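Undergrad: To start, I am sharing the structure in question, which I have written as structure tokens.
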């Protein structure tokens with residue numbers, strides 16, 4: 001195998017002049033050649049270069065060549081030879097071609113892939129049998145790829161550090177002792193090259209810049225991290241125009257103010273700087289728009305090129321004094337987005353070759369920044385979308401916390417403060433709450449504080465991927481500092497947030513407050529009625545800066561959910577307090593509503609006479625001559641004769657106490673009292689005993705019917721449902737329909753649930769549930785409005801002969817009809833009894849009418865108007881025709897042997913009709 005040609009050997013005569021010009025120019029611009037080699041070297045050229053390294057390593061028994069000993073001249077020669085071979089026919093210098101092809105074959109036999117390598121990011125390892133593997137591409141400290149091995153990489157230059165972020169003198173001395181390699185000076189032979197070489201070099205540079213721009217722009221558009229993108233932009237700028245270092249300032253809103261300013265995103269980036277190092281030593285520099293060179297470029301949007309910075313009055317030499325760096329030439333250009341708006345300013349300082357920035361540099365810089373502005377805007381939009389996603393996650397987390405923590409205010413406030421610290425990175429959080437937002441004093445009833453100290457064991461930290469909960473909020477002397485502050489009163493009065501970027505200059509704060517607070521964000525916490533129910537104070541950012549507009553917007557959205565959560569928790573606590581008060585009231589009510597055990601024992605010892613003696617089997621039954629004790633004994637006898645005590649093993653002592661408690665819970669109103677309940681129960685008992693069809697009902701339904709009858713008007717107030725709605729009584733607010741009937745049922749359940757009155761405790765679970773459900777249906781059926789609708793359905797079933805006793809729905813309609821028939825049974829009594837009862841009913845109606853006139857200033861209906869008593873006979877006839885007679889007529893069609901009820905109704909109608917003419 002023939003060895004490849006060595007450097008300095010003769011080449012084709014026709015390319016000697018071009019090679020000399022190219023080689024001379026490349027020796028004068030090593031940084032361009034390295035960059036050009038990275039981007040343009042073909043696989044064949046790289047393989048040839050690797051072959052030469054392997055040969056050199058084998059000959060000298062070393063693992064690599066140093067930067068100074070490496071023969072860089074051979075690469076442009078080979079590149080020129082390849083170009084000449086592509087232009088000339090195959091009859092060229094066959095020896096050189098064979099050597100190159102031979103070297104390529106060697107490298108192919110040891111390479112990992114035969115694909116063409118075009119990008120710097122590609123990494124391939126070339127192996128040799130006689131030595132360990134070494135990477136073709138190595139990486140700088142920042143992770144960027146390079147063809148140069150570690151020994152060839154120069155030390156990174158010391159970045160110019162702004163005030164407060166200076167590096168040690170030892171580091172500066174070490175940096176000064178290791179300068180960057182200087183470009184090689186052209187030889188005398190190269191200086192005598194023809195003038196045509198200059199034009200060739202310019203064309204080569206233009207061609208290289210075009211390709212470099214294309215690669216850099218593609219790289220920028222694929223990067224969405226703002227810091228990484230800006231670092232790439234500045235490094236690429238240094239490479240493009242040969243700048244020593246570059247800085248990027250982005251336009252941002254000033255903290256706590258509406259005006260814009262320039263903020264140093266990255267400062268003093270060099271071509272080989274590391275992003276991590278830059279960020280570690282970086283401190284934000286803020287420059288007002290229009291101030292200094294950078295500020296004036298941002299204001300005018302025009303580029304500035306200065307040969308000597310110290311001759312420009314806009315230049316600020318303070319940073320040069322602090323770092324010892326000498327600024328000479330400056331090239332400053334605006335960064336614009338796709339709309340032409342200035343979004344930043346890029347500043348390049350000092351040419352590496354000691355010259356000044358040229359117009360060509362400015363045009364190249366401007367072309368590149370056109371794409372950079374779009375890339376920065378896209379990266380910002382991506383960052384904003386990420387922040388918005390995180391913000392939504394935080395808010396959703398807050399909603400979850402609110403929904404989970406509603407029973408106690410203290411842990412909820414602790415979690416709120418913990419989240420506030422996380423989303424705003426503040427070191428001090430206070431929440432002040434007002435129990436009564438309408439209070440004119442404006443005093444805070446609760447104060448919570450959470451301070452996050454670096455040396456506090458209870459501070460919020462992250463451990464094993466989980467957030468440790470902070471200590472419980474406590475009230476300290478610090479927490480009391482701002483309670484009476486003028487700023488607190490201002491936020492409470494206006495309901496608007498307050499962001500103070502420099503509290504130490506705000507004279508509205510006390511001296512202690514100004515010393516303790518470096519940044520303050522005060523947010524109102526509003527309840528569901530948009531009233532200020534408290535304040536959230538966020539103080540002292542972790543980075544020492546002020547709260548940004550982004551912090552404020554996120555904290556405001558968070559405070560909105562906090563206000564709702566705190567309001568809901570307080571409402572829940574108040575509901576719990578009301579519930580406990582209700583329980584106490586129920587205990588007191590139960591004590592006074594339940595009959596005493598002594599009275600129950602006395603009743604249990606009474607002798608129970610026969611049904612015939614009490615007259616409870618007759619529809620003509622009357623309680624007018626009975627004593628209260630006899631009425632109680634009559635009810636006991638009804639349950640006994642129905643067989644309920646033996647069928648369900650009802651406790652007799654509990655039953656006596658229960659029936660006494662039922663009697664006690666009927667109010668002393670004119671008509672809807674205990675005596676009315678007794679008559680309704682007696683009519684129900686008589687119907688169950690008389691009708692063969694009703695005798696066939698199961699005993700559980702009979703038990704439910706008798707219990708519902710005796711309890712159907714419990715705690716009646718002597719007024720109807722209409723009056724409850726007109727007066728907006730608690731019953732009307734509690735129930736939407738059948739207010740009184742639902743209240744009667746609830747009172748019934750309350751008595752059945754009291755220990756000592758639980759007569760249904762002997763029932764099985766299924767029997768108990770079914771009995772309670774039947775009791776509810778029967779009591780609600782006494783509402784005449786519900787009765788009218790149900791009667792129409794039942795009448796249609798009877799007319800169509802579709803009524804079925806085994807159908808549950810049909811049976812429920814029948815039970816409702818039985819309850820209405822028993823409730824209206826006074827209209828079926830003998831005339832002497834019916835007339836007295838009718839006047840009792842009318843008297844209760846007149847009392848309600850009087851209240852409507854006095855309290856509501858309304859004209860009552862005729863049946864409730866005392867001034868229209870003479871119309872009572874006519875109204876009774878109408879009531880019988882419209883309500884009562886249809887009930888008993890329908891009942892007689894379903895159940896036999898109940899005609900006595902219908903006949904009594906007709907007889908009383910005739911009596912009332914005879915009085916209409918008087």
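Each Cβ is built from the backbone N, Cα and C atoms, and glycine gets one as well.
Under the heading compositional bias 'Polar residues', TrEMBL lists 158-171. Residues annotated as region 'Disordered' in TrEMBL: 158-200. According to TrEMBL, the compositional bias 'Low complexity' annotation covers 172-200. Taken from TrEMBL, the feature domain 'PDEase' covers 596-918. Residues or ranges marked as AMP binding site in TrEMBL: 672, 673, 674, 675, 676, 713, 823, 876. TrEMBL lists 672 with the feature active site, proton donor. Look at TrEMBL and you will find 676, 712, 713, 823 tagged as Zn(2+) 1 binding site. Here TrEMBL flags 713 as Zn(2+) 2 binding site.
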Undergrad: Give the sequence-ordered list of residues that share a chain with residue 712 (Zn(2+) 1 binding site), lie 6 or more positions from it, and have CB atoms under 8 Å from its CB.
TA: 677, 680, 741, 744, 778, 779, 782, 819, 823
Undergrad: Long-range same-chain neighbours of residue 674 (AMP binding site), Cβ under 8 Å, sequence gap at least 6?
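TA: Once residues fewer than 6 apart are set aside, residue 674 (AMP binding site) is near 628, 631, 662, 663, 666.
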Undergrad: Same chain, not part of 676, 712, 713, 823: whose C-beta falls within 8 angstroms of the C-beta centre of the Zn(2+) 1 site? Give them in sequence order.
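TA: Not counting the recorded site residues, we get 672, 677, 680, 709, 716, 782.
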Undergrad: If you average pLDDT over the domain 'PDEase' (596-918), what do you get?
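TA: Mean pLDDT for the domain 'PDEase' (596-918): 94.
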Undergrad: Using a 10 angstroms cut-off on Cβ to Cβ distances, just flag whichever of 713, 823 is the loneliest among these binding-site residues.
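TA: Each of the binding-site residues 713, 823 was scored by Cβ atoms within 10 Å; lowest is 823.
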Undergrad: Of these binding-site residues, 673, 876, which scores lowest on Cβ atoms within 10 Å?
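TA: Counting other Cβ atoms within 10 Å of each of the binding-site residues 673, 876, the minimum falls on 673.
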Undergrad: In the structure shown, which of the binding-site residues 672, 675, 676 has the fewest Cβ neighbours within 10 Å?
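TA: Output over binding-site residues 672, 675, 676: least Cβ neighbours within 10 Å is 675.
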Undergrad: Max Cα distance spanning 672, 673, 674, 675, 676, 713, 823, 876 (AMP binders), Å?
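TA: With 672, 673, 674, 675, 676, 713, 823, 876 as the binding residues for AMP, the largest Cα distance is 23 Å.
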